[in-house]
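Annotated features, as they stand in TrEMBL:
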- 6-27: transmembrane segment (TRANSMEM)
- 39-59: transmembrane segment (TRANSMEM)
- 52-134: domain '2Fe-2S ferredoxin-type' (DOMAIN)
- C86, C91, C94, C116: [2Fe-2S] cluster 1 binding site (BINDING)
- C156, C159, C191, C193: [2Fe-2S] cluster 2 binding site (BINDING)
- L272, I273, V274, G275, N276, T277, T278, I279, D349, L402, R420: FAD binding site (BINDING)
- Q770, F801, R912, A1080: Mo-molybdopterin binding site (BINDING)
- F914: substrate binding site (BINDING)
Amino acid sequence: MLTKRFFNYIYEVFFSFLLVVHWLFKFITSLFYKFFDRIIILSFIVFVCFSSLFSLQVVEKNADPEEVLLSFLRRKVGLTGTKYGCGGGGCGACTVMVSTYDRNQRTVVHYTVIACLQPIVTLHGAAVVTVEGIGSTKTKLHPVQERIAKAHGSQCGFCTPGMVMSMYTLLRNKPQPTMEDIREALGGNLCRCTGYRPIIDGFKTFCESEVGVEQTCYSPDSPLNSYLHTLITAEKKYGDALYFQGERVNLVAPFKLSHLLELKAEHPSAPLIVGNTTIGTDTDFNSLTVGAACSLSTLQKEVEKVVVETEEEKTRGYRALLQTLRCLAGKQIRNMAVGSLFDKQGHPDLFDFLSVCPQTEAENICNVVFLCLSSDGMRSIPLDEKLFADFGKTVLRPEEVLLSIDIPYTKPWEFVAAYRQAQRREFAFSFLNAGMKVAIKEGTDVVESLSIYYGGVGPTLVKPKLTCQQLVSRSWGEDLLSEGCRLLKEDVDVSPSIHGGRAEFRKTLAISFFFKFYMQVVLEMRERVGKLRIMNADFPLEYLSALKPFKNEVPQGQQSFQLVSEAQPSADLVGRPSMHQSAFQQATGEAKYYDDLPLVQGELFIFMVTSTRAHAKIINIDPSEALKMPGMVTFVSAGDVPGANCRLWFNNPEELFAEEEVVCVGQIIGAVVAESREQARRAAKEVHVTYHDLQPVFFTIEDAIRHESYFEPKRKVERGDVDEALKTAEHILEDEIYMGGQEHFYMETQGVIAVPKGEHEEMDLFVATQHAAFTQELVGMALGVDSNKITCHVKRLGGGFGGKVMKIASLSAITAVAAHKTGRAVRCCLERGDDMLITSGRHPFLGKYKVGYNNDGTIVAADITYYSNGGSTLDESAFVTVLHMDNGYKIPNLRGRGVVCKTYLPSYTAFRGFGGPQGLMVMESVLHEVAVRCGLPAEKVRDINMYREEQSYTHHKQPFNPTDMVRCWDECLERANYQDRLRAVQLFNSSNRWKKRGISAVPQKFGVGFSKGFCNQGAALVNIYKDGSVLVTHGGTEMGQGINTKAIQIASRVLKVPVSSIFTKETCTGNVPNAAPSAASFGTDAVGMAVKDACEKLMRRLQPLMEKNPQNTWKGPPTDVDWEKGEGQAYYYFTFGACCSEVEIDCLTGDHKVFFSLFKIPKKHITSKVEGGFVQGVGLYTIEELQFSPDGVLMTRGPSQYKVPALCDVPAELNVHLLANAENPHAIYLSKDPPVFFGSTIFFAIKAAIAAARTERGLGDAFPLSSPATAEKIRMACQDEFTKMASPPTDGAMAPWCLDV
């Protein structure tokens, strides 16, 4: 038998031969180059991809400079473990490891990159390791893959390969990492399911392991190590330029600087794509010299080394630089990026700091200089406000290239600081960033020079010259502070129309940053001068906390749950912690999602053409130019639909293709079909649509109210006599709260593959849907065929959260029409920006309420109207109603009205919790405001208004028992040590002026199931084979919630067979027809009951003597609501819980940090799902902000603009405790959905912290705060002298940057 070492030897010989051929080819072409000055060399690239089964030598002839590694791996190499998540480097799903030979370090280096941004032509001679290359279920799992799976760190699994590769690369470079190393390595990877904690739990075991990771993680005889040895040898011969010619772009990779200058002189407008250059320190000149193409990761590493090796007073500037570098992007981007020093998008995140580095005394010019080179010679450009000529434009001449940057050390009496504030502390562009430096005359407090630079207050880098000049020669004291703030108020002019908006917030930050800098300098001067008194330079001790930035920590916590009975057989896994059924496959990249399926022969690609107007008549659609483009096959529009051009949902039609009129930006008008994705994308831009604008056009809830633009039906529920009760109440409160929408941001974008069968008009669809039956029905209607000829296949989803029910059905019908027209398979895979534009998300809400309450906090009556922004069509908005409004509170007289506003935005749709997070939020706002006005603790007001009776009734007259809710509430407060924490918060607030803390706890009652009883049905097919194996097929959709895992456990218990004998296949409408959607927190319950019912029937047939209870069958619960009476059984059952959170805010910047969160919930929940739902709620209530332009265009269309919680946003301490002895006979073996609404505890804790700040300033503690509580809203609510200085002009002439829709 041939050994593995022999195969490696054969592999090395073969690859060495390949390299010899390559170098021979280059030698011959170099001879041609000598004789023919302008010959174009069409070079090929050679690199290696690794799988656990083999190493693949990739030779790509005529490599296209525009092709990125992600598409190359997935479509040409067939390695689909690397996922498409966003296409912009903002999610980490496509993380891979690249190994190259570093000529400067003379060693092979390993680093992560984002495959969706890495051109393949930059990888010549490199080794690329994907998730398939480190382990598989067919051979052996890598420890990273095994541990993330066993720690429950993989739910939908779409982000898992990226997580695995980030951690694997860390271990290659540092076999026993610290927790901080892990936090940094995963900072560029997003997860929408788990809440990150289980991922950390799996990976932190590498910190504690005593086993050498070299032994557990990779073998010295692996193909990768063999290749790396060859790579080192090959790199020694490296020395020629590479030339690549693509369809539209040519690329040259010069090896010598002289060649680069020649090329730049010949092609001055050609952009540079950088690689690796040198970085070093030059102590003779007291500076750090940074190569222009140095990656941010290398810069960070070198600066950290200088900081350790150099005395502290010289490295103040470097420490500030490190503070900024650690916040920029994720690890993968920092490995690739060079700092965006000439970023055309106008994000000068490093310039503000670099601009203030020390100046020379003789010439008074900035010591930080750019050394630029051209064929005409070399010149130095000082880094100051003149560097930028305009937004994204610099004074660098077209033919020049940047060679290096010199960053000087700080001098003994120079003080330097950098500040930034972003939507997220890490992995986000800043709203405003600043660099400040002051030079003080030694031994005094007199200012010799002052430099301040801002990024984000104008189109270029801004220096407030007047301020810097006027403060020179003054004492660094309170008078200087007052004068400096006054001067900045006039000197920093932020236009109301500034790109990105938030003008008032940015100006407030500019002044607040200066105040922080003033305090920082005073503190450092104190330390420097010792007992020497600095006149007028002092501040109270309670100011000091403002100088400590929030530190990002790896989340820690506890999870407690009740063990199953000792009498339960060990083979029965129900109630035991169980790994996700597909976790290993997800961790190895073997799990297949719809776009991972191999291409069908002759397959085409479709790209949607969408409206650019919010309300207009379509005059003409002209695809003629698009049809002339290479690869174009056809254009599809309404006239090509053989059946019905509409989607019908409860008698509410919505067009598939807009035919005569468009009613929102992003509405689908047509679609182009081409031979490749890139060709389809390019052709779609060439379809020209002529419009005639129509009126009215409006987008906000307020405008819809003014226009009385509503969908029918309107909903109303009432208990008691609200009007009479309001007359008898001691106090009346009238107020409102606005809550913004939320994007699903499932990691896998929506898409489908439509495959015509070629006979009887049959068609198969491989589709990412939560409701296969509805997709089947709609496709049949569009094609004009019966549903029995349409078969939908769903293996798994990369997240859904309710967003893959309705819109995916329309996309599937459009794709099926294209497949019908062409007779060929057609694949649709929405890009992230189009997905966000077309599919929309959670409804924005406006809750208006009138409440009657007494002095003790008892609420006697409440009249609440819920206005939701439904968008341009009704979609599922009618289900977002007033049924959740009472939460856990018995308000004797309660009226709720639900109104869906019709606007000219893309239709909003279902999202996790579906109306619950909004409805519950309004009620909790009522409780909070009543507590404020009564002067009572909020938790006391919540407690006295809670349901208590064992037999209670909701406002829609559905009976329930609140015992578990009350137990959760009481035990939550007890486990959280709420009263002790509250006292500690109050003590902290009294001792800190510019940092404040808040704490909040809320209970929850959440209805589970659909209010339409026929939707609460599950369907399953269970087959037993002669060999004893069992096959379970059901109508649910696996999207990370573990529905397949639960189905296997149920079948195992009922059939009394081990789980290893049971298998679940894909969801298929041909096997299980007419299934209900996996939504409304009820999919697992419905499917689980169906599996149980099917298995019990089988047991009765096979073992009648063993069946003890033949009558124990299950049918769909009879839920329904009589809206005329406003009562009914709206939900199958209720789930309960309570949550407590503590936060700290920075009153000067609006930043916040969650220190502590604790949940108490019944034991039917899954802890990792609870945490995932909670973190999604953190985003909903604090970070995630959708922005629409005044023209109705969604501007937050990707992870660069729309921020979901990252690892840095998870509470530092996150505890989950499951309530013991809590039984729910209605739920199938105690399964249930997580509480998104618990994220509101952070919102109310933030509001409490703001109230503490306002009270200290003599302001009222009753104030408006809409959700999400972003940094901007927090800062501007903490009103002070700085916010007053930034007050905007009152003329109101400027159009807002974005709308609260």
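Keep in mind that glycine also has a Cβ here, set from the backbone N, Cα and C atoms.
Worth saying up front: this structure is predicted, and the values here are computed from it rather than measured.
Highlighted in sequence order, L70, K83, Y84, G85, G87, G88, G89, G90, G92, A93, I114, A115, R832, P1199 have their Cβ within 8 Å of the centre of the Cβ atoms of C86, C91, C94, C116, the residues recorded for [2Fe-2S] cluster 1, and are not part of that set.
Of all Cβ atoms in the protein chains displayed, 25 besides its own lie within 10 Å of the Cβ of C86 ([2Fe-2S] cluster 1 binding site). Taking Cβ-Cβ distances under 8 Å and a sequence gap of 6 or more within the same chain, the neighbours of C159 ([2Fe-2S] cluster 2 binding site) are K83, G85, C91, G92, A93, N189, L190, C191, R192, C193, M747. When Cβ neighbours within 10 Å are tallied across all protein chains shown, the highest count among the binding-site residues C91, L272 belongs to C91. Highest Cβ count within 10 Å among the binding-site residues F801, F914: F801.
On a Cα basis, C86 ([2Fe-2S] cluster 1 binding site) lies 18 Å away from F801 (Mo-molybdopterin binding site). Spatially, by CA atoms, the binding-site residues C86, C94, L272 include one closest to Q770 (Mo-molybdopterin binding site), and that is C86. Summary: among the binding-site residues (C116, C156, V274), the fewest other C-beta atoms within 10 A of the C-beta are counted at V274. Distance noted between the C-alpha atoms of L272 (FAD binding site) and C94 ([2Fe-2S] cluster 1 binding site) is 24 Å. Same-chain residues at least 6 positions away in sequence with a Cβ under 8 Å from that of C94 ([2Fe-2S] cluster 1 binding site) are, in sequence order, L70, T82, K83, Y84, G85, I114, A115, C116, G162. Geometry remark: C86 ([2Fe-2S] cluster 1 binding site) versus V274 (FAD binding site), CA distance 23 Å. In the shown protein chains, 30 other C-beta atoms lie within 10 A of the C-beta of C193 ([2Fe-2S] cluster 2 binding site). Comparing CA positions across the binding-site residues V274, R420, R912, F914, the one lying closest to C156 ([2Fe-2S] cluster 2 binding site) turns out to be R912. Cα spacing between R420 (FAD binding site) and R912 (Mo-molybdopterin binding site): 33 Å, rounded to the nearest whole number. Around the Cβ of R912 (Mo-molybdopterin binding site), a 10 Å sphere holds 26 further Cβ atoms from the protein chains shown.
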